[in-house]
Each structure stands twice: as C-alpha cells, then as structure tokens.
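Database features (TrEMBL):
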- 6-120: domain 'Tetrahydrofolate dehydrogenase/cyclohydrolase catalytic' (DOMAIN)
- 139-280: domain 'Tetrahydrofolate dehydrogenase/cyclohydrolase NAD(P)-binding' (DOMAIN)
- 165, 166, 167: NADP(+) binding site (BINDING)
Ligand code: GUN
C-alpha cells in the first residue's frame, strides 16, 4: 500500500487557527505578541522568506516589524539594532535572517540576541538547553517535524531515527529533539560511508541535505516514515526535496512531499515560538 502523504499545509493551517485564538485571548489580557525580523542585503530567497514571515505573523494577529538593512551595514550597526530590539518591550521575538553578508560574523550576531527573545533557537544558551533537555526555544524546522509526527500519532519512543545532514539549523537540533523523545538517533553526513546501510535501518528517516534524489527506494525500509527537508531549486524552476518521492512512497508508511510538506510548518513554529516568548515576558 502506498504511504500516507503528510501535508504540512493542512497541519499548519489547523495550528495557525489555534494560535490565532490564543492571540485573541492574550490580547484580552493586554498582551500583544510582537516579532522583529532583520534582513541585511538583497538575497532574493531571503527576501521571499521574510515577506512570508511578515504575512503569516499579521494573518494571526502578531505585531510584525521588518527591519531592512542594506548590504553595506557594518557588524556594529547590526549589533546596535539587535540591542535596541532586546530592550524593546513591544518585541518578544527577534530573528536575524541568515545568511548574513560575509563581512558580518553570524555567531556574534546570534549571541547578541537575548536568549528569551531568540525564537529561532540558535543562541548557544538555547542550543545547550536543548541538548540537556531543558525548556528552551527549539529551531523552527525541527519543531515542525516533531509536531507533524505527533499530529499523526506516529510512535517515537524506542524507534530508530536516522538523520541525514548535520546543519546547525536542522540536522543537529532535530536529532537532539528526537533523542529527548526517547528515540535512538543516528546521524549521517557527507563523510558517512555506505549511507544506505544506515538509512535503510530507520523507522523514521529525516533527510535535510539539499540533494535531489539522494534517497531512493533502496535506502528505505518497508513501512518507514520518511521526512524530506530538502529544498532544492531545479533548472526547471521547480522545487525538489532529497527523496525520490514517487518510488519511496510505494515503500514508506508515511512520507512528506516537497513542496507542501515540512516547509509550511517552519513559519508556523516561528509564530508558535513568538507566542511562547510573549507569554513568558
Ligand atoms: N535562513 C534559512 N532558514 C532560516 C531560519 O530558520 N532562520 C533564520 N534566521 N534564517 C534562516
């Protein structure tokens, strides 16, 4: 039997409706959640993401502030902006869109965001809290993946989760998130020998590399749950994940498509994290 397709679009719509209600009740208590997004330079993909974050925030009643700085902005100017937002009581979440221009050290900027407003979950304090299984802001894509799996009542405890990719934004945190849920976690990456020897043992396979067709049916166990975080733009202009969807869906029990899979969950979890930040302020 072919896999059930998990549409992030549907789960995101459901959750955003709940978040909208939560914001209305916060507003009655005089709390108006606010999110600031800083973008430096003219990267076209980043501009699209930032526009979408603003639109999604406003659609559910989050006050949204977008700060557009030009490519020549100095590291100190950006630091000053972050510090100003750290001290702005109308702003509960701060996100600095990555990548930053080469002359700016992203590590220094991320560390300048107060951890209580770090809705991206990138600050080393939040990373450390995630690894030590404490309450913290968790990066949005990993959180979205966990939310989708829980929404489908897919068991996690004791299951073997194989993560392909070790980025700080997705691969590393998603492994820790599932470890905290009592899964057994294996990480694979560009230096892994015989990738499929690992991936075909996965009960839940998460691929976050950015290589179309990296995962074919030979790399997937019968009945596995396959989560595709790949997001490559093909020469045709179409979006592609890491997984060969048409063949893998015949073998998996659940599979996420690209587009309409994990993508819509990421911004939804950013909205969720901003509401948490506002409630804790
Ligand atoms: N660039 C690509 N993904 C992300 C993200 O999740 N957060 C930020 N700040 N920048 C990104």
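Note: Cβ is positioned from N, Cα and C throughout, glycine not excepted.
Across the range of the domain 'Tetrahydrofolate dehydrogenase/cyclohydrolase NAD(P)-binding' (139-280), the DSSP-based residue counts are 52 helix, 26 strand, 64 coil. Shown in sequence order, 163, 164, 168, 169, 170, 171, 172, 187, 189, 208, 209 are the same-chain residues outside 165, 166, 167 whose Cβ sits within 8 Å of the Cβ centre of the NADP(+) site.
Its Cβ taken as reference, residue 165 (NADP(+) binding site) is surrounded by 24 other Cβ atoms within 10 Å in the chains shown. Model confidence over the domain 'Tetrahydrofolate dehydrogenase/cyclohydrolase catalytic' (6-120) stands at 98, taken as the mean pLDDT rounded to a whole number. For the domain 'Tetrahydrofolate dehydrogenase/cyclohydrolase catalytic' (6-120), DSSP puts the residue distribution at 60 helix, 18 strand, 37 coil. Listed in sequence order, 208 are the same-chain residues at least 6 apart in sequence whose CB falls under 8 Å from the CB of residue 167 (NADP(+) binding site).
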